[in-house]
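Below is one structure, written out as structure tokens; comments come after it.
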Number of protein chains: 2
Amino acid sequence: MTIYNFAAGPAVLPKPVLEQVQKELLDYDHSGMSILEISHRSQLFTDLYADTKARLKQLMNLGDDYDVLFLQGGATLQFTMVPLNIATKHHRAAYIDSGHWSVRAIEEAGKVPGVQADIVATSKASGYTEIPQFPDVLKDTYDYLHITTNNTIEGTAYQQLPQTTTPLVADMSSNFLGQQYDFTKFDLIYAGAQKNLAPAGLTIVVLKKQLLTDPNHPKNLPAMLDYTALANKDSALNTPPVFQIYMANLVLQWLETQGGVAGIAQLNQKKAALLYNFLDSSKLFNNPVKPAQRSLMNVPFLTPDKATDAKVIQAATAAGFLNLKGHRSVGGLRASIYNAMPFTGVEKLVNFLMDFEAQHQ
Amino acid sequence: MTIYNFAAGPAVLPKPVLEQVQKELLDYDHSGMSILEISHRSQLFTDLYADTKARLKQLMNLGDDYDVLFLQGGATLQFTMVPLNIATKHHRAAYIDSGHWSVRAIEEAGKVPGVQADIVATSKASGYTEIPQFPDVLKDTYDYLHITTNNTIEGTAYQQLPQTTTPLVADMSSNFLGQQYDFTKFDLIYAGAQKNLAPAGLTIVVLKKQLLTDPNHPKNLPAMLDYTALANKDSALNTPPVFQIYMANLVLQWLETQGGVAGIAQLNQKKAALLYNFLDSSKLFNNPVKPAQRSLMNVPFLTPDKATDAKVIQAATAAGFLNLKGHRSVGGLRASIYNAMPFTGVEKLVNFLMDFEAQHQ
């Protein structure tokens, strides 16, 4: 039976990449050593690191004014590091609240001593079924405006970026490299890698270099929480997660063969449209999100009752469609259809759901 | 040509473990998914996590009064997290300075607001060729006494633990599970995994549970820096490094087949003795460390001049003995002979060095 993994992350990875990892696992680049044993001070690694960074910047269309960090700790550690490093002039940060992960980002920012985190727009009232309206009235009072570009749990995503004169910061964890944005509009982007880039254990931070040399940059931050200290050592201030960086490199190479971010985003549109069109035409299933703001990556849906939800999940699991259970905070079902989910996987899922509906009328 | 990897970390891993990882890389436990794609919320992972923790505690002879966390960020992030979480009553911490990594731990502790980090003993004057003398006179003035059990760069290690009534905290990164200690003497042990346990990207924290419920535990720490918050979520407050935890599990299973920590420590004694005996008898090579305090894991050595050091490294590399260059801060050579380095590897290295010496007399 072919398995399709619809997990929200860690998630499905491209099959050819997994096969290459398996093939060369005992001997990386004719070194006689596994990539799992390679020193981060070796030429083998520093070459790999430079290549990975260059590929990522090229795929994002970013120039010399941006740097990339390959870190650990996930987006949750970035919730702290962002305000710690860059809420340093006004000591105030503006957050748009579009769901669960925005709330977490705001909570953690509020814990950073001396920083005030303000919610400047929220879609909480609608149950987060849309992206908040945001009329920019921030003026020069905030160090940054923070958005969550894709809301993994609620299934919404920004299709247009907010118009603002305040530096724009994004948690892009769940649609990083899966949806096309003008990445030069951001001052800082962070993303856990375990959706579209690599296995869990790697966090990407893409940021404008000028943030690293800002005169307000605080002295005496803990080294591992200091973007400048980390960038000065090419993310190898201590031992970086070598294997995840290696896998990110392979995934980026694979992404190039898919036509880069633009190419994969087009395919993702097609995959998402297939599923949303079915849900909108279904009498059993329903996606609650405002159509113009639906996520390309995470598609939550519901039946009229929990018992039927559970029945669908059970039958789907038996048929090889795995991890369709919705997040515990919202229930229902959710299909995460990241870059590595093939079109066929979505097609077969839709057929399965169609059959289920027909049989349960 | 057989390769022997003497890197200080990331380092050699047990061959049977690497072979098993390769074999099951596309299909973890008959799930139809790679371990690299497994959700940290799945039963597959939670079972693996519980098993890994149980094996580790058993290998360390630790009871229900200890908890284990599987984190990210390396020992360097622990340099901050330890004082942040447990220097909370006296706001003073005592550090024994036994080399480079002790110095880094002290530097980072000193940055934590409100914490005073005192050096209570140091072997700096001897060039760190020994473990400092430590007559405990601390009384009830410090929250903890911090030691670095094995000094990766200088090649020293504690053979006896300091006698103290102050809670004992250790950076055990480079001899964790490679040298036998009474682990119940410690209140907290932390270790980067990339020496004896797993590939880079995992940090182990073993700690007394009472530290997690201490009434002085600070409120409002960033979640990812808060031992209590992390422990309450079984290290899955956000996505943990699933692959590294899986590999740690396999390495622990392998360690059980080697007779556990006691068994491998005996073999490590044998490996180290072979190399030290040769160095002590050599007219060309010299290990500068006080014999009673030599590391079982990292063996630094020198020839009389840098040109010869370089020549040895070049010839060794050509013969398949890799990564023998000493740390940039001390120069010379260093052979790291962790658990996964077979006795044969050390034997062949000694033969190679012997031949080199004979040919260059």
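Using N, Cα and C of the backbone, Cβ positions are placed for all residues, glycine too.
Copied over from TrEMBL:
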type    : residues                                                                     : note
DOMAIN  : B:3-349                                                                      : domain 'Aminotransferase class V'
BINDING : B:ARG41                                                                      : L-glutamate binding site
BINDING : B:ALA75, B:THR76, B:TRP101, B:THR152, B:ASP171, B:GLN194, B:ASN238, B:THR239 : pyridoxal 5'-phosphate binding site
MOD_RES : B:LYS195                                                                     : N6-(pyridoxal phosphate)lysine
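In terms of C-alpha distance, the listed binding-site residues B:ALA75, B:THR76, B:TRP101, B:THR239 place B:ALA75 closest to the residue listed as 'N6-(pyridoxal phosphate)lysine'.
Chain A has a C-beta under 8 angstroms from the C-beta of B:ALA75, B:ASN238, B:THR239, taken from the recorded positions B:ALA75, B:ASP171, B:LYS195, B:ASN238, B:THR239. Counting in whole angstrom, the residue listed as 'L-glutamate binding site' lies 9 from B:THR239 (pyridoxal 5'-phosphate binding site) by their C-alpha atoms.
In the three-state DSSP classification, B:ASN238 (pyridoxal 5'-phosphate binding site) falls within coil. Cβ neighbours within 10 Å of B:THR239 (pyridoxal 5'-phosphate binding site), excluding its own Cβ and spanning all shown chains: 25. Annotation for B:GLN194 (pyridoxal 5'-phosphate binding site): spatial neighbours B:GLY9, B:PRO10, B:ALA11, B:ALA200, B:GLY201, B:LEU202, criterion Cβ-Cβ under 8 Å with sequence separation of six or more.
Among B:ALA75, B:THR76, B:TRP101, B:THR152, B:ASP171, B:GLN194, B:ASN238, B:THR239, the residues given in the record as binding pyridoxal 5'-phosphate, the maximal Cα to Cα distance rounds to 31 Å. Model confidence over the domain 'Aminotransferase class V' (B:3-349) stands at 97, taken as the mean pLDDT rounded to a whole number. Following the DSSP three-state reduction, the secondary structure of the residue listed as 'N6-(pyridoxal phosphate)lysine' is coil. Each of the recorded positions B:ALA75, B:TRP101, B:THR152, B:LYS195 was scored by how many other Cβ atoms lie within 10 Å of its Cβ, and the smallest score goes to B:TRP101. Around the Cβ of B:THR76 (pyridoxal 5'-phosphate binding site), the number of neighbouring Cβ atoms within 10 Å comes to 22.
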